[in-house]
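These notes are about the structure you will find just below.
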Amino acid sequence: MSPAEEEKSLPLPERWPRASRFALSACAAAVAELVTFPLDLTKTRLQVQGEAAVHHNGAAGGQAVPYRGMLRTAAGIVREEGLGKLWQGATPAVYRHIVYSGVRMVVYEHLRDSVLGRSEDESFPFWKAVVGGMSAGAIGQFFASPTDLVKVQMQMEGKRKLEGKPLRFRGVHHAFMKILSEGGIRGLWAGWVPNVQRAALVNMGDLTTYDSVKHFLLLNTPLADNSVTHSVASCCSGLVAAVLGTPADVVKTRIMNQPRDKQGRGLLYKSSMDCLIQTVQGEGFMSLYKGFIPTWMRMAPWSLVFWLTYEQIRRICGVSSF
């Protein structure tokens, strides 16, 4: 058998390992996103409530929006806008995770297995896991930033309708085209700096923690490479990711949701640092953790669903465990 014929006889995961891992992680991420999306919508609404810069600039007409908490915010969305609105913006969110999760998983495994390298005992030093996780998250989020921008803005459409403001978008495609026409290519990457910063921190919590905890358990406890180990590692990763990522997530959400001039420049914040300073000065340090509970409650099940699905899909498709 010639080398070409031998290559064609190999399973797809062995012929195109990176493309296969991208597709598998994208599938797992789409499942996790749809299951936990209502918590993401609740978190986004919480993060813009009480926004001091809005009131300072008169954009809210002097009316303070009550900070209702996670359960009351979710119940209010269902009561005022309908149950289906809990999934408003889900389509661009799924698009975002297809790109984001696919890229970050492929980049992390490439860094771990080829660039940074494992130790002789197959362990991956913690500092290398931190570098790999942050780098993978930043790269993945940069490519996915336009879809994240559309997701955030579409999540706020229901609130605009209740406030008597005209809806900005008719759908995902219209949102992309309108943002592109108003701000150009740069407009699609509005808020990408805090977005990438957040993704780096979140993945330092998610990828780094999951990989480190999983292999620590495998090397130092009787636990096998099964769903129990995957569940423990994913629960740890969800908590750490929420603690590290919530402040950057608040800043990212506010920058992405702010009104812009014809040149695409923000009217409320000059930069992510300016948003951070205004938020802390106007609302206090703990305002950076607005939406922490739904963030954590979303990241924990998201990590659990994603990692269990991803590991099982890899096993079914004949790809080695992560």
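Cβ coordinates come from backbone N, Cα and C, glycine included.
Features reported for this protein in TrEMBL:
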- 20-114: repeat 'Solcar' (REPEAT)
- 124-216: repeat 'Solcar' (REPEAT)
- 225-316: repeat 'Solcar' (REPEAT)
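Across the repeat 'Solcar' (124-216), DSSP helix (H, G, I), strand (E, B) and coil residues number 78 helix, 0 strand, 15 coil. On the 0 to 100 pLDDT scale, the model's mean across the repeat 'Solcar' (225-316) is 85. In the repeat 'Solcar' (225-316), the DSSP tally of helix, strand and coil residues is 73 helix, 2 strand, 17 coil.
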